[in-house]
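The structure appears right after this line, and notes come after that.
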Amino acid sequence: MEGKTVISSLLIMSLVLAQIQVEAKICCPTKDDRSVYFVCMLSVSSQFYCLLKSKCKNTSQTICPPGYTNDILENSGDAVNEYCKLGCASSVCGALTTLQNFDTSKVLSEAVEQCTKACSSVCTGGSTAAVKSA
């Protein structure tokens, strides 16, 4: 039980810290490259590697450079929903997922599952329920 309390505390702290991070804009040449970037960030969590693998670029500008029209933060409803679910899981749950690669304990697996459920709940409007379940 003590382990679950620690994991839950880390999860809540990660959710809070993720809210205060400054987001850079990731620009990709195609939607497929954008998807490759998202999947890579979920599994590897090394932005440098994922940018190379996906051919995407990290920029601090408000507009993507020519040829990189598929930005991660575009305002279409589908993109926002996709970014929310995948971006939240990669940025907030990334550390837990990395730990899970080295430690396959049930407590850690449950923490990763709770984290991804919390992200999904936040993205679909149930942020209060997500915080309560964590």
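Each residue, glycine too, has its Cβ placed from N, Cα and C.
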Of the candidates CYS28, CYS88, CYS93, the one sharing a disulfide with CYS56 in Swiss-Prot: CYS28
Cysteine paired with CYS64, where Swiss-Prot records a disulfide bond, from CYS27, CYS40, CYS93: CYS27
According to Swiss-Prot, the disulfide-paired cysteine of CYS50 among CYS40, CYS84: CYS40
CYS27 (disulfide bond) versus CYS56 (disulfide bond) - Cα distance in angstrom: 5
